Amino acid sequence: MRYLTAGESHGKQLTTIVEGVPAGMPLTSANINASLLRRQKGHGRGKRMQIEKDLVDICGGVRHGYTLGSPIAMVVKNDDFKHWEDIMGEDPVDVDKEIRRTVSRPRPGHADLNGAIKYGHRDMRNILERSSARETAARVAAGAVAKTMLNHLGINIVGFVHEIAGITAQDKPELSMEEKIEQSEASSVRCLDKTVEQQMKDAIDQAKKDGDSIGGICEVHVEGMPAGIGSYVHYDRKLDARIAFAVQSINAFKGVEFGIGFEASRRPGSKVHDEIIWSEEEGFKRRTNNLGGFEGGMTSGMPIVVKGVMKPIPTLYKPLQSVDIETKEVFNASIERSDSCAVPAAAVVMEHVVAFEIARAILEQFPNDQFEKLQVAIDQYREEVRCF
Ligand SMILES: Cc1cc2nc3c(=O)[nH]c(=O)nc-3n(C[C@H](O)[C@H](O)[C@H](O)COP(=O)(O)O)c2cc1C
Ligand SMILES: C=C(O[C@@H]1CC(C(=O)O)=C[C@@H](OP(=O)(O)O)[C@H]1O)C(=O)O
């Protein structure tokens with residue numbers, strides 16, 4: 001299974017094509033819209049999210065509520081396009097008029113300058129339109145297809161906020177998966193810890209007031225994965241590596257860790273590796289889950305626990321120094337609108353990109369043309385693992 005996305009932030013629409021989904025899987029636009037709506041919410045978002053109402057139009061690959069096995073095409077319209085039609089339309093324009101509207105002032109921390117140098121654009125609108133995290137709506141649509149598949153296979157996934165601007169939510173190991181999903185949905189910062197929720201909101205409000213931005217850490221948990229998904233035999237079949245790639249590729253993400261992650265470097269092996277235990281009912285398990293569900297690029301059968309670090313949003317109301325690419329004059333970047341914190345939204349994006357990688361690995365390992373055959377094969381494999 002693979003996917004491609006196309007579309008600019010203020011262009012007509014975002015398009016996603018997902019190829020390789022088995023035939024006969026129940027799928028409706030409601031499955032996808034629920035995910036798109038969650039991505040739009042979250043404390044700290046700017047005015048753009050009041051303009052957009054992300055709804056998917058499934059244009060191919062689904063009939064009467066079931067997948068056909070053919071590519072699934074999905075479109076999400078940009079409602080903001082109506083304000084940008086003359087700037088973002090595909091027809092040639094009056095060059096003199098266009099030069100006046102050219103973006104020549106790169107923002108520190110965004111893709112503007114590097115993208116302009118790479119593609120030879122003097123108008124950095126050509127960069128910012130596609131480098132914008134608007135594209136994550138298209139990625140969430142692809143991930144929602146994957147998530148629907150995982151849910152039907154008894155694999156559940158949730159994303160939430162672990163930390164914002166150094167304010168950390170305590171882990172809640174006592175919560176069931178259903179409770180985690182419920183609490184992540186209920187909180188406007190997607191945090192499972194009620195006691196720190198308000199502190200996080202206050203930190204976001206303060207950053208906004210200061211014209212600044214803040215980042216944080218998102219966390220994703222996956223439960224119900226059997227052991228042995230992924231592979232150790234080649235670098236690009238290691239599932240933890242693929243998940244790390246997917247998470248790192250989310251706009252503004254600067255790092256990824258599994259389980260205790262970087263803390264592992266500070267502990268002796270005896271305090272890191274998870275002891276192996278066995279019981280008649282459950283088969284093999286680990287006593288702890290410090291390694292976050294992976295050993296040797298394969299799932300261990302323990303919950304997958306992955307964190308991703310998001311840097312603060314680059315576009316700031318508080319000016320940072322930059323240099324105009326035409327005049328070479330130093331200027332202080334000033335902006336019209338931006339998010340001040342998008343960590344809660346990014347937790348939803350992360351949940352969906354992780355879901356996609358897991359679903360992709362499953363489809364590589366089991367029969368993948370017919371959904372019912374896939375379900376039977378997974379059930380059978382789970383039993384084999386239990387009796388191993
Ligand atoms: C959900 C989400 C919303 C974002 N909103 C903004 C924003 O409003 N303004 C901004 O400058 N960057 C925003 N970003 C971050 C930029 O898209 C990102 O920093 C940029 O594409 C450069 O890529 P890099 O940070 O990965 O190097 C957002 C990121 C995410 C995940
Ligand atoms: C549009 C979305 O996020 C955008 C991501 C983004 C950026 O530079 O990454 C910049 C902002 O866009 P605009 O300049 O139009 O306000 C965000 O609103 C979205 O998440 O759907």
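These residue numbers are counts, starting from 1, taken along the chain as shown.
Every residue, even glycine, has its Cβ placed from backbone N, Cα and C.
Note that TrEMBL annotation is computational and uncurated.
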* Which of Arg101, Arg105, Arg337, Arg360 shares the FMN site with Arg130, Ser131, Ser132, Asn251, Ala252, Gly296, Lys311, Pro312, Ile313, Pro314, Thr315 per TrEMBL? -> Arg337
* In the structure shown, which of the binding-site residues Ala252, Ile313 has the fewest Cβ neighbours within 10 Å? -> Ala252
* Structure fact -> Greatest Cα separation in angstrom, residues Arg130, Ser131, Ser132, Asn251, Ala252, Gly296, Lys311, Pro312, Ile313, Pro314, Thr315, Arg337 binding FMN per the record, works out to 45
* Sort out the sequence-distant neighbours of Arg39 (NADP(+) binding site) for me: same chain, 6+ apart, CB within less than 8 Å of its CB, listed by position. => Asp54, Thr136, Ala137, Val140, Ala345, Val348, Val349, His352
* Could you check which of the binding-site residues Arg39, Arg45, Ala252, Thr315 have their CB within less than 6 A of ligand 1? => Ala252, Thr315
* Asked: Where ligand 2 binds, which of the binding-site residues Arg39, Arg130, Ala252, Ile313 are close by, with Cβ under 6 Å?
  -> none
* To do: State the Cα to Cα distance, in Å, between Thr315 (FMN binding site) and Arg45 (NADP(+) binding site), rounded to an integer.
  => 12
* **Inter-residue Cα distance where the pair is Ser132 (FMN binding site) and Arg45 (NADP(+) binding site), in Å** => 14
